[in-house]
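Features as listed in TrEMBL:
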type: DOMAIN; residues: K:13-76; note: domain 'V-ATPase proteolipid subunit C-like'
type: SITE; residues: K:Glu63; note: site 'Reversibly protonated during proton transport'
type: TRANSMEM; residues: K:55-79; note: transmembrane segment
There are 14 protein chains.
Amino acid sequence: MSDFAIIAVISIFTAGLTVSFGALGPALGEGRAAASAIAAIAQQPDAAPTLSRTLFVSLAMIESTAIYCFVVSMILIFANPFWDAVQAASGQ
Amino acid sequence: MSDFAIIAVISIFTAGLTVSFGALGPALGEGRAAASAIAAIAQQPDAAPTLSRTLFVSLAMIESTAIYCFVVSMILIFANPFWDAVQAASGQ
Amino acid sequence: MSDFAIIAVISIFTAGLTVSFGALGPALGEGRAAASAIAAIAQQPDAAPTLSRTLFVSLAMIESTAIYCFVVSMILIFANPFWDAVQAASGQ
Amino acid sequence: MSDFAIIAVISIFTAGLTVSFGALGPALGEGRAAASAIAAIAQQPDAAPTLSRTLFVSLAMIESTAIYCFVVSMILIFANPFWDAVQAASGQ
Amino acid sequence: MSDFAIIAVISIFTAGLTVSFGALGPALGEGRAAASAIAAIAQQPDAAPTLSRTLFVSLAMIESTAIYCFVVSMILIFANPFWDAVQAASGQ
Amino acid sequence: MSDFAIIAVISIFTAGLTVSFGALGPALGEGRAAASAIAAIAQQPDAAPTLSRTLFVSLAMIESTAIYCFVVSMILIFANPFWDAVQAASGQ
Amino acid sequence: MSDFAIIAVISIFTAGLTVSFGALGPALGEGRAAASAIAAIAQQPDAAPTLSRTLFVSLAMIESTAIYCFVVSMILIFANPFWDAVQAASGQ
Amino acid sequence: MSDFAIIAVISIFTAGLTVSFGALGPALGEGRAAASAIAAIAQQPDAAPTLSRTLFVSLAMIESTAIYCFVVSMILIFANPFWDAVQAASGQ
Amino acid sequence: MSDFAIIAVISIFTAGLTVSFGALGPALGEGRAAASAIAAIAQQPDAAPTLSRTLFVSLAMIESTAIYCFVVSMILIFANPFWDAVQAASGQ
Amino acid sequence: MSDFAIIAVISIFTAGLTVSFGALGPALGEGRAAASAIAAIAQQPDAAPTLSRTLFVSLAMIESTAIYCFVVSMILIFANPFWDAVQAASGQ
Amino acid sequence: MSDFAIIAVISIFTAGLTVSFGALGPALGEGRAAASAIAAIAQQPDAAPTLSRTLFVSLAMIESTAIYCFVVSMILIFANPFWDAVQAASGQ
Amino acid sequence: MSDFAIIAVISIFTAGLTVSFGALGPALGEGRAAASAIAAIAQQPDAAPTLSRTLFVSLAMIESTAIYCFVVSMILIFANPFWDAVQAASGQ
Amino acid sequence: MSDFAIIAVISIFTAGLTVSFGALGPALGEGRAAASAIAAIAQQPDAAPTLSRTLFVSLAMIESTAIYCFVVSMILIFANPFWDAVQAASGQ
Amino acid sequence: MSDFAIIAVISIFTAGLTVSFGALGPALGEGRAAASAIAAIAQQPDAAPTLSRTLFVSLAMIESTAIYCFVVSMILIFANPFWDAVQAASGQ
């Protein structure tokens with residue numbers, strides 16, 4: 001395998017791995033937070049606005065870790081500095 | 001294996017891995033949120049609209065991590081920049 | 001192994017892996033949601049229509065992640081762009 | 001190993017893996033849903049018809065993911081397009 | 001190893017793996033459903049016929065995933081199309 | 001290794017793996033069902049006959065998956081069609 | 001390694017693996033059933049004979065899966081048909 | 001490695017693996033049964049003889065799976081038929 | 001592979017692995033903290049400001065471990081000292 | 001590696017593995033039984049002698065599986081028949 | 001690979017692994033502590049200052065293990081004595 | 001690698017593995033027993049001497065499995081018979 | 001790879017592995033202890049000083065295992081006797 | 001790799017592995033014991049001295065398994081008899 005190919009291969013594999021593995025934790029964490037919020041609203045309907053607000057802030061915070069992964073995955077596919085360097089080095 | 005083939009191989013494998021592994025967390029998380037919402041509606045039927053709304057926003061948020069994975073998988077199959085580069089490089 | 005064969009091999013393996021691994025999460029998540037819905041109907045029979053509706057929307061949402069996997073698996077078997085490219089390249 | 005053999009090998013292995021791994025999630029999910037339904041009927045015998053209906057719809061939904069796996073497995077054994085292509089290519 | 005042998009080897013291994021791994025989920029799921037049914041009958045002896053019927057339908061549904069695996073395993077041992085093709089190809 | 005030996009090796013290994021791995025799920029499932037039945041009889045001694053009958057049907061159902069594994073294991077040791085074919089082919 | 005040795009090696013390894021792995025499930029399952037029976041006798045001493053009988057039938061049923069494994073292990077060590085065939089073939 | 005050595009090596013390794021892995025399940029199962037029995041005696045001191053008897057029968061039953069493993073391990077070290085055959089074959 | 005390529009490869013793979021694995025713990029931990037906070041607000045609405053403040057400080061603390069990972073990942077992609085050293089050494 | 005060395009190596013490794021892995025189950029099982037006994041004595045101080053006796057018999061039973069492992073480990077280090085045979089064979 | 005490259009490679013990989021794996025435990029531990037603190041404040045709002053203080057000391061203590069990992073990771077990237085030694089040795 | 005070195009290597013590795021893996025189970029088991037004893041003393045302070053005695057006997061029993069591991073580890077480092085044999089054989 | 005490099009490589013890798021893996025247990029253990037202490041203070045505010053003192057002693061005890069790991073890691077990076085010996089041996 | 005280097009390598013790796021893996025169990029076990037003690041003190045403040053004493057004895061006992069690991073790790077780094085033997089043998 002040429003250097004060209006090996007960097008493409010590892011970028012593809014890592015991009016997929018990053019986004020799929022990075023979805024595991026946030027999805028479970030958000031599921032837990034949402035389940036708790038829904039149970040709380042049923043128990044205390046009057047506090048629904050406060051609870052929703054707290055839930056959405058928490059979901060955004062948790063989602064951020066998934067977004068880090070998505071960002072890294074997109075960088076690896078579309079703005080990979082190593083790929084650019086190899087292409088520049090080999091004059092392609 | 002030629003460079004051509006190795007990139008195809010890793011793209012196929014990563015696309016499948018990404019979408020299947022990325023389905024694990026969201027499915028479990030959504031199952032938990034849905035289970036909680038259904039129990040909450042049974043306990044407090046009057047709050048059903050609020051609960052449903054909260055549930056659907058949460059499901060959408062959780063589903064988003066599965067969709068990231070599906071998007072990356074589709075990119076790897078149908079719009080893979082490394083594949084295009086290799087095809088351009090080898091003049092195929 | 002020729003390039004021809006290696007792409008066939010990885011497509012077959014990935015198609016099977018994708019659909020089987022992708023069935024794990026949704027099946028468990030749906031089982032949890034369904035168990036919760038059934039317990040809720042037994043506890044609050046009057047709310048059965050609302051509960052059923054919420055259950056079916058949730059099941060559809062969870063099933064969607066399994067369907068992503070099935071779609072990717074079918075694409076890899078019957079509409080694999082890399083396979084077509086290799087066949088075109090080798091004139092077969 | 002010839003290309004002929006390697007595709008047969010991977011098809012056999014993937015068919016078995018797909019159907020056996022794909023049985024894990026649905027069997028556990030259905031077991032959970034059924035356990036919940038039975039407990040619910042014992043608790044609320046009057047609602048048995050509604051509960052049974054909800055259970056069977058849920059079981060069908062969960063079973064669908066096992067059926068996806070069985071379908072892919074059967075395709076790989078009896079209607080494998082890669083196998084047909086290799087047989088056509090090698091004139092066998 | 002000849003092609004002949006490698007297909008036999010993988011068929012034997014996959015047949016065993018399929019049936020043994022495929023027994024895990026259904027056995028656990030059936031155990032859970034049966035445990036729930038027995039507890040329910042003890043709690044509500046009058047509903048025993050309904051409960052038994054629901055249990056047996058559920059067990060049949062769960063057992064079906066184990067039977068898929070057994071069927072695939074038997075096909076791989078006694079009606080393996082790849083084996084037949086290799087035997088035909090090598091004139092044995 | 002000759003073809004002769006490799007098929008013997010894989011048959012021995014698979015036979016053992018199948019029966020031992022296939023014992024895990026049924027043993028746990030039966031343990032759960034039995035535990036539940038015993039607790040139920042203690043709680044409702046009058047229903048003991050019904051409970052025992054339900055337990056034995058369930059145990060038989062669960063045991064069936066272990067028996068599938070034992071059957072496949074015995075076939076691989078004493079009635080292995082691939083072994084017969086190889087012996088016929090090599091005239092031994 | 002000669003064919004002779006490799007079959008001995010795999011028979012030894014499989015015999016040990018089968019009996020040790022096959023002990024895991026039954027031991028846990030029997031522990032659970034026994035724990036349940038003991039708790040039940042303490043709670044309902046009058047039903048001790050019925051409970052003991054149910055326990056021993058269940059233990060026998062669960063133990064049967066461990067015995068399958070022990071039988072296969074003994075067959076592999078003392079009545080291994082592949083070993084006999086290889087010894088016959090090599091005239092030893 | 002000579003045949004002589006490889007059979008010794010695998011016998012040693014398997015003997016150790018069998019007895020150590022085979023200790024895991026029985027130890028946990030016996031721990032559970034014993035814990036249950038002790039709690040039961042504290043709760044119902046009058047039934048101590050019945051409870052002890054049930055406990056010891058159960059422990060013996062569970063211990064039997066560990067003893068299978070120990071027996072196989074001892075056979076592999078001190079009465080290994082494959083070792084004897086190899087020693088006879090090589091005239092040592 | 002040249003030194004140039006191997007450092008690029010490992011940097012890409014490590015960057016993805018770091019950010020995706022590093023998302024698992026924080027997402028689960030934040031999900032737990034948020035779930036607890038929402039349940040607490042529902043139970044004691046008057047203490048919502050105190051609870052929110054405590055929650056946000058805790059989320060920030062937990063998020064910090066995810067941010068460490070993101071920072072290391074970014075350093076590996078965009079400010080990798082080893083990459084710079086290799087580029088300097090090879091005069092590229 | 002000479003035969004001499006490989007048998008020493010595998011004996012050392014197996015001895016360590018056996019005793020360390022074999023300590024896992026008994027330690028957990030004894031911890032559980034002891035915890036249960038202590039709680040039972042606190043709850044029913046009058047039954048302390050009966051409880052202690054039951055505990056010590058159980059601990060001895062559970063410890064026996066750890067002792068099997070220790071015995072096998074000591075045999076492998078100090079009374080290894082394969083080692084003796086190899087030493088005798090090589091005249092050392 | 002030159003010595004130069006292999007040390008760079010292992011430093012990069014270890015730096016990422018250290019910080020990401022080291023984030024798992026602290027994040028889960030902090031999540032647990034925070035969840036407990038929030039529940040405690042809701043239950044006893046008057047003790048909020050004491051609880052917050054205890055929480056923050058605990059979080060700092062737990063965070064310290066994550067910081068150890070971050071420090072080691074930074075040392076490996078920016079102040080790696082082995083890298084310096086190799087650079088000095090090779091006169092680069 | 002010479003025989004001399006390989007036995008040293010495996011002794012070092014096994015010594016470390018044995019003592020570290022062998023610490024897992026006893027530490028968890030002792031933690032459980034101690035936790036139970038402390039809760040029991042708080043609940044029944046008058047029985048503290050009996051409880052402490054039972055605890056210390058149990059801890060000693062559990063610790064014994066860790067000590068087996070430590071003993072084997074020390075034997076492998078400081079009194080390794082295989083090492084002595086190899087040293088004697090090579091006249092070192 | 002020269003001896004020089006291989007020792008550097010393994011020291012770097014082990015240093016990172018040690019500190020990150022060694023952070024897992026202490027962080028979880030401290031999280032559990034802290035959670036318990038916070039819940040205890042909320043339940044019994046008057047005993048806060050005693051509880052805090054017990055907590056801090058326990059945290060220090062648990063932290064000590066993390067510190068062992070950090071110390072070993074630092075020794076491997078900055079005071080590695082094997083590294084010094086190799087440097088002395090090779091006169092570098 | 002020379003014998004010299006391979007023993008250094010395995011000593012370094014084993015030292016780190018031993019101390020980090022050996023920290024897992026004790027940290028979790030101590031966390032559990034401490035959590036139990038703190039809850040017990042809150043519930044029964046008068047028994048604090050007895051509880052503390054029991055806790056510290058237990059922590060010391062559990063810590064001992066971590067200390068075994070630390071001791072073995074230190075021996076491997078600073079007083080490794082195999083290292084000394086190799087150095088003596090090679091006259092370094």
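A Cβ is built for glycine as well, from the same backbone N, Cα and C atoms used for every other residue.
Neighbour count (other Cβ atoms within 10 Å of the Cβ, all protein chains): 20 for K:Glu63 (site 'Reversibly protonated during proton transport').
Within its own chain, the transmembrane segment (K:55-79) is flanked in space by residues 11-12, 14-16, 18-19, 21-23, 25-27, 29-30, 33-34, 37, which lie at least six positions past its ends and keep a Cβ under 8 Å from the stretch. Mapped onto three states, the DSSP output places K:Glu63 (site 'Reversibly protonated during proton transport') in helix. The domain 'V-ATPase proteolipid subunit C-like' (K:13-76) scores a mean pLDDT of 93 in the predicted structure. Broken down by DSSP into helix, strand and coil, the domain 'V-ATPase proteolipid subunit C-like' (K:13-76) contains 63 helix, 0 strand, 1 coil.
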